[in-house]
Amino acid sequence: MSVCTLSVPVSSISPGRRCSTFGDAGILGCVSINSNTDEDDVVEGKMVAEGANKETKLPAKKKRKKGLRIKGKRRRKKLILAKKFSKDLGSGRPVADAPASLASGAPEQDEESLFEGNIEKQIYLPSTRAKTSIVWHFFHVDPQYTWRAICNLCEKSVSRGKPGSHLGTSTLQRHLQARHSPHWTRANKFGVTNGEEDFTLDLSLSPPSPGSNGSFEYIPTDSVDENRMGKKRDKSASDALRAKRGRFLIKSNIVKHALIPGTRAKTSAVWNFFYTDPQHISRAVCNICKRSVSRGRPGSHLGTSTLQRHLQATHPIHWAVANKDSGAIGNGLDETETESSDLLNDTMPGEKSSGSQDLTAEDLSDSDTDEPPCLEVENRSESPIPVADQDNPVHAQERETTTHCENAAANQISQAVIQMIVEDLHPYNYFSTPAFQRFLQIVAPDYRLPSETYFFTKAVPQLYDSVREKIFLTLENVQSQKIHLTADIWTHDPSTDYFIVTVHWVSLETASSPSNGGTPNFRKWAVLCVTGLAKDCLITNILQELNDQIGLWLSPNFLTPSFIVSDNSSNVVHAIKGGGFTHVPCFLHCLNIVIQDFFCEHKSIENMLVAARKTCHHFSHSVKARQILQEFQNDHQLPWKNLKQDETGHWISTFYMLKWLLEHCYSVHHSLGRASGVVLTSLQWTLMTYVCDILKPFEEATQRVSVKTTGLNQVLPLIHHLLFSLQRLREDFQVRGITQALNLVDSLSLKLESDALLSAMLKSKHCILATLLDPCFKNSLEDFFPQGADLETYKQILAEEVCNYMESSPGACQISSSETSGPLVRLGTDSFTSIKEGTSSAGSLDSSAAGSVAVGSKSSLLPAAVAVVDEYFKEKYSELSGGDDPLVYWQRKVSIWPALTQVAIQYLSCPMCSWQSECMFTTNSHFHPKQIMNMDFDNIEQLIFLKMNLENVNYDYSTLILSWDPENKAVQSNEKEILP
């Protein structure tokens, strides 16, 4: 059956002026104007209005038909119109003339009185279910399976229900929310209704007014006169969108939320504090704290339980006041899905979305009368609007201040807990112990500690991602294209080794000056990865992991590794060399190998170390022995220091153990007399003294290397200093006539000079150039250079490095050439000057002097590079002492020698060792092997990464805003923080 749209005003005209069916029954019926049915046709109609004359009584058998009311969900009841209805319209007349006959029988009256209420309602035609839901703008019925609908966007077929049962639109709506959220949000915002009018009748329903006669009038909208309807359209032009939606008032004059057909009725009181997130339909934003709270997974059931728990936990005062004022305590349960009128308002930026915006009476009614509406809504769960801040504004401000203080205190406690986990590596279950819970109850009774699962799965990973992002953003701003890496493997697990990669660079612009006014720190470093590898991992696995980290961190920022520093692990060394990288041995590991070999070579030293370890073990494991030792120290007024334990494989811990025994030798000797089986002979005490004296320079060198301002420029001077110190000790022992000590000194000196790794470092190009570029040592280079090394040759190599940089950076080439044009004419007659003169006259260097120098543009740049290097060596330097960072000097030369400065930064920024991981994996750190075994493997990698980076990154924990909502969500602030 075809359909049409009729606009029907309510009138109080007497029944005689209308057809008898309307006068007797008071029931509105309609027949399509395009229908040619005869009087035997039975027509079905859907009604949503009351008859105008409620006093008229129906026959007994039809009394139940009197009037229709909306109860609960809106129900469209079908009424079968009797054949008498067709006869009263006039037998033999076309059905299309029926409305005209009705209109002719009505008295003439003002047209505006017929639309006084201007509140529209929909009446549906027979045998047609109106597609009032806006989801049908995105779907069409599947022609093959009528119980399914096909999405117009993705062409996916979605079920509407079981065949033969009720077919709804809830599944279609959830599909749009999950798969096409932007389209669905936009449709809700602008209230799309085009294409639905063919299924509806517009029934204007208003309360009786003195100017209205209460008559019914049928006007088919297909043939309506535009001039006749012009006044009404002009009147409602400003509210065109709202006029297309059904509006009504509750009889108690409390504004009811206008609901979108097919959407969830927001009857819960929590929506007075939330609005739907426009970007994420499955989340809601709190109006008080502006936090986004999840309502459920996208595409699944979206409830309000989490929103209510958020209010109870974070804003208990507002929630309690709202419940008290509205009497709606417990109204925060999940809403039931309903179908209602299709009404939605546009929202301005900054306002709540349509799903949570309350409509006022002025928005819903354009009537000039003050009489209550005649439309009654019964048995519907009304949701009065609780207002949280209707009381005194001063009290409301005090409550907001109190809530803000409570939230700030809770955030500080939460940040402190995460800081303890990361920096001290406390196990997660430590905070769940009853003792800590009692402590927390005393300190912060209102604070609720999240579960350990939250820290493990959300807090630590989010902090981990934040720190990684900061490091990556910092690497984007690195000026030099060449940086350096350190690669180490540390063992603290029976089956797993930890592979650590650290990046090092120099930033002359962002140097942070210490508070005490010392030397600024230009050297920056960050740990890139902490990866667990199996004990039996191959060289290819290490190389693959190294290449992965380079591709992840360096390649996107156009950075290349210049040198890679590592220990003497054969797998790591072979992996670095196999990947084509330049390997630099770790200086501390080289010293450790030399001293460990020195211990093993002398049997007397080994026996002395065994007795010393037993002595320390006796005092560390016996409480009574420590008490006796401390009492003896106190009785003789001797200073007491904590016992130092020896760590296998590290000579520095052995040195500190021997030093502690010598400092407490008098007390230890008397205390050991009472203990059986632990004896240190006088010869061993004497040998211990010799060993400590010999190792003292090595301990000083180790402390020197551990300083953050040291680089490859210290390798040659430190080796020279060690050899010189051993020579002075030999002379002292020779004067004193101590043969045993002389033999020990000679043995260690020989090992230091003949060690393969140290010898390779002494002759390596990068160590020599780094020493040349340190202004502290440029005037005494002959003392540091190994035998057979020519200073002029390395000056030439340095000039070639500067020339290469000029060729790759034309800007630096122009500055250097213009500023060094003068010195080319005023060159001396030394060997290095002759190279420059030969280059200037012939355009290229002699093959014996510069075999690797290219011709062409490079040959034209070489004279300028040679001039810059010669000017650097001729400059007198007395501003800084040998203990200061040479980068301070080069910071002042950036504008004078830009190319030479960049080459100097490249060599001076390379570290001598990986002291960062050395400090992490030692007995003095908080890193305990037992703790690793009890933790998750992947998470312990993140904890080590954070512990090593947080202090260096200077992360501000106050920027980590943690909200313990029911889903334990943590929100990291969007501010991007850059490394200092």
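Backbone N, Cα and C atoms are what each Cβ position is placed from, and that goes for glycine too.
Checking S383, S555, S809 against Swiss-Prot for the annotation phosphoserine singles out S383. Checking Swiss-Prot for region 'Disordered' across the ranges 89-109, 110-130, 446-466, 698-718 points to 89-109. Per Swiss-Prot, the listed range annotated as region 'Disordered' is 201-239 (candidates: 201-239, 279-317). With respect to their backbone Cα atoms, H315 (Zn(2+) 2 binding site) and H180 (Zn(2+) 1 binding site) stand 33 Å from each other. In three-state terms derived from DSSP, H310 (Zn(2+) 2 binding site) belongs to a helical segment. All chains included, 18 other C-beta atoms sit within 10 angstroms of the C-beta of C151 (Zn(2+) 1 binding site). Look at the zinc finger (130-187): DSSP puts its residues at 21 helix, 10 strand, 27 coil. Residue environment of C286 (Zn(2+) 2 binding site) contains 21 other Cβ atoms, counted within 10 Å of its Cβ in all protein chains. Neighbour density at the Cβ, taken as the number of other Cβ atoms within 10 Å, is lowest among the binding-site residues C154, C289 for C154. Nearest to C154 (Zn(2+) 1 binding site) in space, judged by Cα atoms and limited to the binding-site residues C286, C289, H310, is C286. In this structure, the binding-site residues H175, H180, H310, H315 were compared by how many other Cβ atoms lie within 10 Å of their Cβ, and the smallest count belongs to H180.
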